[in-house]
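Sharing a structure below in structure tokens format, with a few things to ask.
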């Protein structure tokens with residue numbers, strides 16, 4: 001079982017590492033490519049677009065051909081794209097490389113969740129996804145620090161060679177450690193069950209909405225945090241970095257505690273707690289009389305996301321034993337596109353950073369609480385339905 005956990009964690013972590021590691025080198029990249037930093041900031045959106053594009057096909061391929069045939073090309077593409085970025089001499093070529101990186105990371109991301117659905121039952125999967133969420137929170141803190149240390153001695157291209165090295169390590173894991181977990185092709189008697197695993201069932205769609213809104217909350221916070229903390233609240237750059245590190249610490253602590261909480265409380269209770277924390281955060285930020293109270297509201301955001309997201313993802317994947325790849329892709333596309341659409345629309349309409357965050361917090365909590373309370377889980381995994389544990 002440990003091989004599947006290690007491989008799944010590695011497959012998922014490629015995605016945030018690809019986002020956060022290069023940011024520290026952005027000024028030098030812009031100077032070398034004769035582009036402005038503003039022009040290259042679109043590299044974040046291009047990377048996410050690549051991920052979304054990969055998710056359009058990766059899930060279906062993973063369900064038909066297996067998890068390894070998607071993970072291996074995904075890791076290989078990430079390696080090639082990282083090298084391509086390091087060799088880019090124009091901003092257009094650099095952005096093309098970032099799109100290809102996103103394609104590779106998206107393939108790996110989809111496979112990771114499909115593997116966890118293949119190998120873990122509902123309760124264990126919720127615990128593992130909560131742990132994974134905590135580990136993922138470390139990357140935005142560690143990746144820029146690692147990038148800074150690398151650039152003390154080496155040029156910005158070394159950041160992408162480091163990413164390529166990470167891709168090589170993942171490729172080796174996928175080739176030699178990861179075992180295929182895709183369930184056997186459905187027999188004639190399994191066809192009714194396969195057909196019953198519809199992406200349009202109410203429970204799955206409710207969890208798609210909940211997880212998409214939750215991701216929108218956390219990405220809105222990340223995107224608006226420089227404005228909120230430095231421009232509005234007046235913190236210096238060093239203080240901003242410290243606050244963001246502390247929020248990551250809150251996320252990690254809550255995420256690592258959630259598996260223990262699942263041994264005491266029902267998953268539904270933790271999901272309700274998550275949304276109540278979001279609602280409390282929105283109200284706190286809306287009426288905050290001081291910076292200290294605002295910072296407390298920010299910690300509620302991190303805690304709310306960490307306590308509920310892994311549980312919601314586990315519930316979303318639960319009904320799909322034969323179509324886990326497609327379900328994982330659907331979740332990923334909805335989360336990437338939905339959160340990006342909200343941030344873009346809010347900016348176009350001219351909603352300020354503070355109101356943008358408060359608005360999504362309150363909307364997410366109200367909609368999600370209604371869905372949690374009124375959309376009951378579908379059928380559990382039947383007793384005869386095998387959970388695939390491989391040696």
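Glycine is no exception: its Cβ is also placed from the backbone N, Cα and C atoms.
Take a look at what Swiss-Prot says about it:
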- 25-41: topological domain 'Periplasmic' (TOPO_DOM)
- 63-68: topological domain 'Cytoplasmic' (TOPO_DOM)
- 114-130: topological domain 'Cytoplasmic' (TOPO_DOM)
- 152-157: topological domain 'Periplasmic' (TOPO_DOM)
- 179-202: topological domain 'Cytoplasmic' (TOPO_DOM)
- 223-244: topological domain 'Periplasmic' (TOPO_DOM)
- 314-330: topological domain 'Cytoplasmic' (TOPO_DOM)
- 352-355: topological domain 'Periplasmic' (TOPO_DOM)
- 377-391: topological domain 'Cytoplasmic' (TOPO_DOM)
- 4-24: transmembrane segment (TRANSMEM)
- 42-62: transmembrane segment (TRANSMEM)
- 69-89: transmembrane segment (TRANSMEM)
- 93-113: transmembrane segment (TRANSMEM)
- 131-151: transmembrane segment (TRANSMEM)
- 158-178: transmembrane segment (TRANSMEM)
- 203-222: transmembrane segment (TRANSMEM)
- 245-265: transmembrane segment (TRANSMEM)
- 269-289: transmembrane segment (TRANSMEM)
- 293-313: transmembrane segment (TRANSMEM)
- 331-351: transmembrane segment (TRANSMEM)
- 356-376: transmembrane segment (TRANSMEM)
Within the same chain, where does the topological domain 'Cytoplasmic' (314-330) have neighbours whose Cβ lies under 8 angstroms from its own Cβ atoms, ignoring anything closer than 6 residues to its ends? I mean 6 or more beyond.
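Distal contacts: 55-63, 67, 70, 109-111, 113-114, 116-118, 122, 125-126, 129, 182-183, 186, 190, 193-194, 197, 199, 201, 203-204, 207-208, 211, 267, 271, 377-381, 385.
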Do any residues, 6 or more residues outside the transmembrane segment (245-265), come within under 8 Å Cβ-to-Cβ of it, and if so which ones?
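Apart from its flanks, the transmembrane segment (245-265) reaches 123, 126-128, 130-131, 133-135, 137-138, 140-141, 298-299, 301-303, 305-307, 310-311.
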Output the single range from 69-89, 203-222, 269-289 maximising the number of Cβ pairs under 8 Å to the transmembrane segment (158-178).
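Most contacts with the transmembrane segment (158-178): 69-89.
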Report, as numbers and ranges, every residue of the chain located at least six residues beyond the topological domain 'Periplasmic' (25-41) whose Cβ falls under 8 Å of a Cβ in that stretch; write 'none' if there are none.
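Distant contacts of the topological domain 'Periplasmic' (25-41): 88-91, 94-95, 147, 151, 155-156, 159.
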With an 8 Å cut-off on Cβ pairs and a sequence gap of 6 or more, do the transmembrane segment (293-313) and the transmembrane segment (4-24) reach 3 or more such pairs?
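Counting Cβ pairs under 8 Å (6 or more apart in sequence), the transmembrane segment (293-313) does not reach the transmembrane segment (4-24), since there are fewer than 3.
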Under 8 Å, at least 3 Cβ pairs, sequence separation 6 or more: does that hold for the transmembrane segment (356-376) versus the transmembrane segment (69-89)?
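Contact criterion not met.
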Should the transmembrane segment (69-89) and the transmembrane segment (203-222) be scored as in contact, given a threshold of at least 3 Cβ pairs under 8 Å and pairs 6 or more apart?
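Contact between the transmembrane segment (203-222) and the transmembrane segment (69-89): absent, because fewer than 3 Cβ pairs are under 8 Å.
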Output the single range from 42-62, 131-151, 269-289 maximising the number of Cβ pairs under 8 Å to the transmembrane segment (331-351).
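Comparing 42-62, 131-151, 269-289: 42-62 has the most Cβ pairs near the transmembrane segment (331-351).
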Mind checking how the topological domain 'Periplasmic' (152-157) divides into helix, strand and coil residues in DSSP?
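Secondary-structure composition of the topological domain 'Periplasmic' (152-157): 1 helix, 0 strand, 5 coil.
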Return yes if the transmembrane segment (131-151) and the transmembrane segment (42-62) have at least 3 CB pairs under 8 Å (sequence gap of 6 or more), otherwise no.
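They are not in contact.
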